[in-house]
Amino acid sequence: MNPKIIVLNPEKCTKCYDCINICKEIHGESRVRKVDGIPIFCMQCENAPCKEICPVDAIYLKDGIPIVDKERCIACGMCAIACPIGAIFIKNRVAHKCTLCLDVDRITPACVEACKDKALLLVSEETLDMMKEEKRKKILKILREEAKENL
């Protein structure tokens, strides 16, 4: 499967916001959201709630990535409400979301290339699942060690 999810390593992120700045430079509006100072990226959901809820079918899939058709969008905001992480938003009467720079014909998203701290990775769903499992095992090991110490 092609890489299609941007993952942020918060331990490497220095909050320089180069990812946000390059996105704004390329697209005119940064599609990277910032929550409590942390960049938030669209997860490019397989069964995207934003696409499913759109009453005018303004969100379509291109190479498995949800894309907003700005001509069809009526800025009702249903997509923004449906997004589980708040990655899609309405501004200037149209919905905006990360497209992994597909709309500007880039192979690698500009934000990933701009991140000098290498805090951003473009990964496949399978790789993300493996990363989650590794993290889960690491946390479980720490918890077991702490439990032994407290006995």
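Cβ from N, Cα, C; glycine included.
Keep in mind the model is a prediction, meaning the values are calculated, not measured.
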Quick check: of C13, C16, C23, which does Swiss-Prot put in the same [4Fe-4S] cluster 2 site as C98, C101, C111?
C23
Could you check which of the binding-site residues (C50, C73, C98) sits closest to C13 ([4Fe-4S] cluster 1 binding site), going Cα to Cα?
C98
A correct count of other C-beta atoms within 10 Å of the C-beta of C42 ([4Fe-4S] cluster 3 binding site) gives 25
May I ask for the distance between C54 ([4Fe-4S] cluster 4 binding site) and C83 ([4Fe-4S] cluster 3 binding site), taken between their Cα atoms and rounded to an integer number of Å?
11
